[in-house]
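Okay, so here's the structure we're looking at.
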Amino acid sequence: MLNPDPQESPRSAPKKRMPRQKKQSIDSSQASEPPELMGAFPFQPPDAPLPQEKKAEPDLLAQFPALAPPAQSKTASSEELNKGKAVVVVAEPEQPTEEIDYAEEWLNSFCWIRWFLILFGRFPFTYVEEKKVYQFKFTWKCPGFFFYIINSLIITYGLIASGVNVAIVLMNDKITPIVSRSNSTILEQALIQRHTMILIIMIGSYGVGTITSVFIYVKRNDIADMFTKWLKILRTSKLSGGTIRTYTYVGLVAINYLIVSTVLFILSVVPSRAKTSTLIGGPTVVSMLFMRHFNSKTYMEDFVGSNLHMVMHLLGMVLYFYVVTTCNAFMYLLLWLSKSIEIAFSGWNDRMAGLLELTANELKEKQTKKDRTTYEMMFNDHIGIVRMLSWANNAYAYILETYVLFQTIKVVYQIYLAALVISENGDFVRFNNEGKFFRRPWDQLPALLITYENAFTVVIMLMAGAYLEDTAYESYDDLRKKSLLKGYYNEKETYYFLSMFQSFTSTTKMAIYGGQFFCIDRYTILHVLSAVVSNFLVVYQFRPSFDINTEKNKEWRKTIGTFLTKFEGLPDNHIIPRMDDS
């Protein structure tokens, strides 16, 4: 065992002191280096060379991050994990979802019906886009204004010319003795009386079209502002208002109208037993009244069978379908807007239903401005849709009630005409000149087809308004079940519920109004139906003939019968077949 005390050790030698070395100043860079790089090992000889410092290579990727390859996700395999290799897993960045521009979506959906309205002169508006803001305006520098002027001139002239000419013919019949009247006057009277129903349809369509043109011009600024503000509401509220579903009502009405028109056209062109006075003589009378001032000899007997007769017949068919379509065109826009507002209400109802199901903790997480689910945004979006409905009612004031009134009159008289023909031809054996009137076989067929088309249009329009009201009040049932007696989450929730209750229980219903005269809902359908039935019974009691009475003009019976047979293109032996005939 060694003795640590050097005095007691016999082998201990005097200890020599090492010479002091001069202290060298060490800068901060050397002080940060580890001791092995500074030659501070106690066992290292003084004359040993110091190890050379390794210069760090410059990190090019740190200096130029653009040179770095794109990060890719990598999944560690089982072999790499067993070997202890470190695997860096980099997640791919999520692609940002592109937000839908609901204003642009609405415009794309509106394109088809807009061009349809332009062609029939019902949309003299255009729009400009400035920084994704669409501004509608009424201007003469657009195709719609040109068609609007042409259409307005045609229907206004048709209303004046047809109305005046019919009045002149009827007045001459009343004030002029029969002995002093010419053949043309008697034949005019026969044509007017035999095609009273067609004249009611045409003069009524002229009137509705003229009123629509006038109010489109009077309310041109209101209509343009309605479209502009509606697009802003859709974009701000992030609600869809223009999809393929917006053509649901318009598509049904348009397809039904095309089918009925095609059948009527085929029956008026193709030779068959179904040719009737309504389809053959009606269009010709329409064009003759439209152009009576240009050709005073049109009603003479030499007109029948001439080339002019064929031209007038074709012109009358084109004029009939054009005027009737023009009368319905602006109502097609109302159907389209009704469905657009209904879809917007449906989207808002979905947000409302999801908001009512959230708890207090979920409300803090899911009520965001991005999703527009805060109470302030929800109420503002609701009021925006209600305002759009109010603007639509203002734009269609005095147009909607005029159209509904005219359609009701048409349905009443068309049903009466069909019933009149069936009752007079009940035996199904009636020659052309037999009986009290010159009633033609199968005259009830076009009457029933036109009745069906008009009634279908009215029903679809009323149902569209009823569905819109139901959708607007759909959230009211959910809202009134939400009780605040058990407490509320915050004051904003209370104010929101009170504001919504005030909106739902307002005296002005969220529905389509006809100039504040009536509201389109499910009760309106029953009211219109009762009006049709009651007026039909009244008309049937008076039993207007809708044809010339040959018993009062027996001396003219043969002349009128021969003229009508040639005029309507029917053979002399054209009779209604018996029920047992093949």
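Any Cβ shown, glycine's included, is placed from N, Cα and C.
Pulled from TrEMBL:
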REGION    1-55  region 'Disordered'
COMPBIAS  13-23  compositional bias 'Basic residues'
TRANSMEM  145-171  transmembrane segment
TRANSMEM  197-218  transmembrane segment
TRANSMEM  247-270  transmembrane segment
TRANSMEM  277-294  transmembrane segment
TRANSMEM  314-337  transmembrane segment
TRANSMEM  445-468  transmembrane segment
TRANSMEM  524-542  transmembrane segment
Cβ under 8 Å to the transmembrane segment (524-542), counting only same-chain residues 6 or more beyond its ends: which ones?
404, 408-409, 411-413, 415-416, 419, 458-459, 462-463, 465-466, 518
Spatial neighbours of the transmembrane segment (197-218) far in sequence, C-beta under 8 Å, 6+ residues away:
121-122, 124, 148, 151-152, 155-156, 158-159, 162-163, 166, 278, 282-283, 285-286, 289, 320, 323-324, 326-327, 330, 397-399, 402-403, 406, 409-410, 413-414, 417, 447, 450, 546
Using a Cβ cut-off of under 8 Å, list the residues of the same chain at least 6 residues beyond the transmembrane segment (314-337) that approach it.
110, 113, 116-117, 120-123, 151, 154-155, 158, 198, 201-202, 204-206, 208-209, 212, 216, 246-247, 249-250, 253-254, 257, 261, 265, 268, 282-288, 290, 392, 396, 399-400, 403, 406, 457, 460-461, 464, 512
